[in-house]
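Feature list (source: TrEMBL):
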SIGNAL    A:1-28  signal peptide
DOMAIN    A:39-130  domain 'Subtilisin inhibitor'
DISULFID  A:66-A:81  disulfide bond
DISULFID  A:102-A:132  disulfide bond
């Protein structure tokens with residue numbers, strides 16, 4: 001047991017020594033230091049009931065960061081980032097999937113995206129006729145939160 | 001060794017069993033599910049050179065979430081959230097510390113905050129005459145990124 005513990009401690013120290021500097025680099029590249037290696041990307045997405053973001057109370061709000069790795073409170077950050085990269089950050093390019101059937105009930109939801117995508121400011125708003133329609137856009141990524 | 005491994009595996013499974021449901025609850029409360037327990041808070045803060053956010057390229061951009069726990073790419077999320085709670089989300093209430101000396105060089109930086117604070121939309125912009133002045137506001141929290 002004692003040997004195992006000593007071995008585990010050594011492994012832990014080695015891991016710290018190896019990964020420590022890497023973590024430091026990753027943080028510097030995150031856009032937090034003055035020497036960021038790439039343009040920042042950080043977004044807030046909100047969802048509210050209604051057809052106007054100025055009037056709708058934001059019911060849900062999530063953050064999404066796509067560099068250096070996918071992170072944030074977005075429930076499927078990986079997929080959302082992949083989707084955003086695929087469309088070059090152009091939210092209007094997200095199209096509805098043809099395999100999803102939604103009813104025609106009009107209960108509008110409004111989605112907003114604010115922040116920065118690859119160094120450019122984003123201020124986007126889009127209204128969907130109901131939540132099913134919203135979720136049918138893209139492949140369960142960006143707007144599914 | 002074999003016994004230790006078995007013991008470790010058991011401990012791991014127990015931890016999963018105990019922590020799994022807790023994680024699930026935390027996620028649901030995060031504002032990602034339809035049954036969020038509190039108003040969402042999710043912000044993106046940016047910093048750029050110049051005196052107008054519309055013209056300044058965002059040099060840094062970080063995310064900040066304050067509920068259920070402090071998170072995001074903000075380098076001091078804990079302190080920033082504590083500060084924001086202290087001023088009730090009113091960014092204008094952040095005052096400069098008197099113990100910081102800055103030169104009078106005019107190299108303006110502009111900070112923006114977009115997103116949602118406790119269920120209310122935030123769209124804030126503030127110009128500081130230089131970066132030292134920016135960092136002198138608050139206690140190394142919100143604007144120090």
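Glycine is no exception: its Cβ is also placed from the backbone N, Cα and C atoms.
Automatic prediction, not curation, is the source of TrEMBL annotations.
Cα of residue A:102 (disulfide bond) to Cα of residue A:81 (disulfide bond): a span of 25 Å.
Within the same chain, residues at least 6 positions away in sequence whose Cβ sits under 8 Å from that of residue A:132 (disulfide bond) are A:100, A:102, A:103. Comparing the disulfide-bonded residues A:66, A:81, A:102 on other C-beta atoms within 10 angstroms of each C-beta gives the minimum for A:102. Secondary structure of the domain 'Subtilisin inhibitor' (A:39-130), assigned with DSSP and counted as helix (H, G, I), strand (E, B) and coil, comes to 13 helix, 36 strand, 43 coil.
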